[in-house]
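**Student:** Would you mind keeping the following structure in view while I ask a few things?
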Amino acid sequence: MRPALAVGLVFAGCCSNVIFLELLARKHPGCGNIVTFAQFLFIAVEGFLFEADLGRKPPAIPIRYYAIMVTMFFTVSVVNNYALNLNIAMPLHMIFRSGSLIANMILGIIILKKRYSIFKYTSIALVSVGIFICTFMSAKQVTSQSSLSENDGFQAFVWWLLGIGALTFALLMSARMGIFQETLYKRFGKHSKEALFYNHALPLPGFVFLASDIYDHAVLFNKSELYEIPVIGVTLPIMWFYLLMNIITQYVCIRGVFILTTECASLTVTLVVTLRKFVSLIFSILYFQNPFTLWHWLGTLFVFIGTLMYTEVWNNLGTTKSEPQKDSKKN
């Protein structure tokens with residue numbers, strides 16, 4: 001029952017989270033900082049109450065290690081959300097972030113001196129080609145959909161390039177953080193709930209540097225049209241409602257992934273998260289009518305197949321199917 005519940009939470013929470021993020025970004029493209037701050041604050045308060053026991057429970061992993069992890073996590077979160085300000089469409093944002101396998105492999109080879117099979121290199125090549133196709137086609141759309149002025153078109157393209165650079169940086173930084181986490185968990189044991197709390201609580205002072213931008217968007221949110229929440233009948237500006245739902249769904253998504261990691265094998269977790277991204281992408285294209293050509297679909301297919309190849313889903317499904325047959329023969 002718990003694995004089924006976890007899968008339901010991941011799909012319901014993560015997919016709806018993307019929807020509310022796009023609703024926010026479409027109305028105010030520069031709202032990434034206030035969204036990040038709200039998410040961090042909510043998870044930090046929840047963790048302080050239920051995980052840290054109001055600060056009475058000492059951390060299993062020393063704070064100095066969390067400080068390093070938090071610096072990376074804060075940077076990745078802010079840069080990823082800020083990329084939406086730089087002419088990056090939500091579908092491309094999702095596809096590009098699916099390239100985490102590439103970043104993990106590159107840094108794994110460089111830092112951990114890992115070696116992989118030809119099968120895994122092939123899968124990464126597919127993911128790389130898929131992301132390149134989607135990125136290249138999005139670049140053509142940015143220049144063609146810009147203003148008729150040639151200067152405006154060039155300026156939009158430059159901002160788009162900065163967005164791609166930001167996403168690439170965040171991708172590599174996220175992979176480096178994953179390697180750092182892996183070494184910490186090997187040394188101190190797995191404490192994922194504790195890590196979740198400290199990763200969101202310790203960066204909160206850093207938002208002081210973004211306070212002006214957060215305040216400006218809070219004022220803009222206050223000026224949005226009023227919306228009456230069904231059932232409870234409370235009325236509030238619709239942008240605050242979108243933000244509230246984004247926070248709640250983000251929490252549901254994170255909790256779902258956490259339950260999934262404790263109940264299922266890592267292969268299952270990867271497969272569920274990959275399928276969730278694919279569903280979110282399709283919904284974003286169909287519901288929000290984001291421009292998506294045949295080339296984009298081809299690139300997405302390459303990314304999806306490459307990810308499944310990397311996790312060796314087919315091989316593992318074959319072994320799991322053969323195991324019951326062996327058991328039945330023995331009986």
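Here the Cβ of each residue, glycine as well, is placed from N, Cα and C on the backbone.
Just lifted these from Swiss-Prot, have a look:
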- 326-331: motif 'Mediates endoplasmic reticulum retention' (MOTIF)
- 4-24: transmembrane segment (TRANSMEM)
- 30-50: transmembrane segment (TRANSMEM)
- 59-79: transmembrane segment (TRANSMEM)
- 92-112: transmembrane segment (TRANSMEM)
- 117-137: transmembrane segment (TRANSMEM)
- 153-173: transmembrane segment (TRANSMEM)
- 201-221: transmembrane segment (TRANSMEM)
- 229-249: transmembrane segment (TRANSMEM)
- 251-267: transmembrane segment (TRANSMEM)
- 268-288: transmembrane segment (TRANSMEM)
- 291-311: transmembrane segment (TRANSMEM)
**Student:** Ranking 59-79, 117-137, 229-249, 268-288, 291-311 by Cβ pairs under 8 Å to the transmembrane segment (30-50), which is first?
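**Tutor:** The listed stretch sharing the most Cβ pairs with the transmembrane segment (30-50) is 229-249.
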**Student:** Average the pLDDT scores across the motif 'Mediates endoplasmic reticulum retention' (326-331) and report the rounded value.
**Tutor:** 49
**Student:** At an 8 Å Cβ cut-off, counting only pairs 6 or more apart in sequence, do the transmembrane segment (153-173) and the transmembrane segment (268-288) clear the bar of 3 or more pairs?
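**Tutor:** Output no: the transmembrane segment (153-173) is apart from the transmembrane segment (268-288).
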**Student:** Of the stretches 59-79, 92-112, 117-137, 201-221, 268-288, which racks up the most C-beta pairs under 8 Å with the transmembrane segment (4-24)?
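**Tutor:** Out of the listed stretches, 268-288 contacts the transmembrane segment (4-24) most.
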**Student:** Which stretch, 92-112, 201-221, 268-288, tops the Cβ pairs under 8 Å count with the transmembrane segment (59-79)?
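**Tutor:** Of the candidates 92-112, 201-221, 268-288, 201-221 scores highest.
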